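Colleague: Heads up, here are the entries from TrEMBL:
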type     : residues : note
TRANSMEM : 6-29     : transmembrane segment
TRANSMEM : 36-57    : transmembrane segment
TRANSMEM : 77-94    : transmembrane segment
TRANSMEM : 115-136  : transmembrane segment
TRANSMEM : 156-174  : transmembrane segment
TRANSMEM : 208-230  : transmembrane segment
TRANSMEM : 236-255  : transmembrane segment
TRANSMEM : 262-279  : transmembrane segment
TRANSMEM : 285-307  : transmembrane segment
Amino acid sequence: SSGVEISHGVALAICTIIIAVITVGGGLVSVAYSDAVSALLMVGGFFAAIPILMAAASAQGATLPPEKMTITGGMSGWELLGYFLPSLALMLGDQNMLQRFASAKNSDEAKKSNIGMFIGEILVIISIVLIVTQAAKLYPTLETPSNVIFQVAVDYLPLVFGALVMCACMAFIVTTADSYLLSSATNLTNDVYQRYINTKATDKQKMLVLRATIVVFSFIAVALTLYFPTVLSLQMTAYTMYGAAITPAILFALFSKKVTPAGGMAGILVGGLATIIWTLMGTPYGIQCAIVAVPASVIAILVVSAVTRCNDPKRSLEALYQDN
């Protein structure tokens with residue numbers, strides 16, 4: 001392809017600045033509107049590309065590799081569980097999703113948004129599966145599979161549709177990044193700064209801390225992206241960290257009266273540490289982090305809660321969340 005080539009470092013810097021500015025500039029309001037535009041780009045761009053890619057694959061007589069025609073797609077049961085568990089754990093306790101439901105003006109609007117999200121998720125998943133299925137036919141031996149959608153956009157789609165798909169991919173990146181930046185920065189501002197450092201903080205002070213935290217977290221995120229070799233490995237580790245450290249504590253807080261704050265904190269620490277240690281060890285035996293970290297977090301919550309329950313029988317993890 002022709003045009004101006006941008007190095008990986010420059011592209012990363014541009015994306016970081018854009019995402020940080022969007023998040024700092026307007027908070028949840030700007031993120032909500034940018035996410036809505038991103039969703040339209042995703043669905044529209046992907047569905048527009050599907051018939052073009054199907055025609056290209058058919059014209060070349062391309063077919064899926066034999067292992068891709070099986071139910072497991074050539075992956076073992078452990079591999080399937082390793083990819084499924086992080087996504088499931090993330091969805092069960094995703095703070096970004098819960099924040100948006102909580103920010104709705106009433107419960108009816110939250111229910112409507114939940115239904116809309118469910119429909120949108122189905123459309124996006126179907127479109128992605130159809131696109132990567134055609135891409136697997138066109139690139140049976142692609143060196144970097146995580147870049148396959150970008151590759152088909154450049155090689156097989158007309159300029160307009162290719163640009164639309166690329167915008168859809170960038171929309172995925174932006175909407176995910178700004179949401180998690182805002183979520184994590186809000187946690188630090190409300191649960192650490194306001195609760196322990198400045199209990200009488202004004203709205204202006206909290207806003208300044210929130211914006212400064214977003215900038216700091218942006219640099220930390222860039223450093224993490226440079227450590228991981230592929231986007232998929234970074235994504236799976238991030239999902240596992242969230243799913244192992246946060247989700248079990250949230251679910252126990254919602255559905256169990258016997259879990260204590262100490263148990264919840266133990267689950268968060270054990271789940272997070274297990275993810276980090278297993279990643280640094282290079283995922284021994286090919287077992288993904290989630291298969292180890294999520295059960296470890298659950299066991300830590302149950303064991304520590306059982307030990308500490310008698311010391312404070314009326315103090316539950318749910319009460320801890322209510323206090324915050």
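Positions of Cβ are set from backbone N, Cα and C atoms, glycine also.
Just so it is clear, the model here is predicted, and its values are computed rather than measured.
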Colleague: Under 8 Å for C-beta pairs, could you tell me which stretch among 77-94, 115-136, 156-174, 208-230 has the largest tally with the transmembrane segment (6-29)?
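Modeller: Answer is 208-230, with the largest number of Cβ pairs below 8 Å.
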Colleague: Considering pairs 6 or more residues apart, do the transmembrane segment (115-136) and the transmembrane segment (36-57) have at least three CB pairs under 8 Å?
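Modeller: These two segments touch.
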Colleague: Of the listed stretches (36-57, 77-94, 208-230, 262-279), which one yields the highest count of Cβ-Cβ distances below 8 Å with the transmembrane segment (285-307)?
Modeller: 262-279
Colleague: Same chain only, please: residues at least 6 beyond the ends of the transmembrane segment (262-279) with a C-beta under 8 Å from a C-beta of the stretch. Say none if there are none.
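Modeller: That would be 237, 240-241, 244-246, 248-249, 252-253, 289, 292-294, 296-306, 308, 317, 320.
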Colleague: Thinking of Cβ pairs under 8 Å, which stretch from 36-57, 156-174, 208-230, 236-255 has the most of them with the transmembrane segment (77-94)?
Modeller: 236-255
Colleague: Mind pulling out the one from 156-174, 208-230, 236-255 with the most Cβ pairs under 8 angstroms to the transmembrane segment (36-57)?
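Modeller: By Cβ pairs under 8 Å, 156-174 leads among 156-174, 208-230, 236-255.
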Colleague: Who are the long-range neighbours of the transmembrane segment (156-174) in its own chain, taking Cβ under 8 Å and residues 6 or more past its ends?
Modeller: 15, 18-19, 22, 34, 37-39, 41-42, 44-46, 48-49, 52-53, 56, 138, 149-150
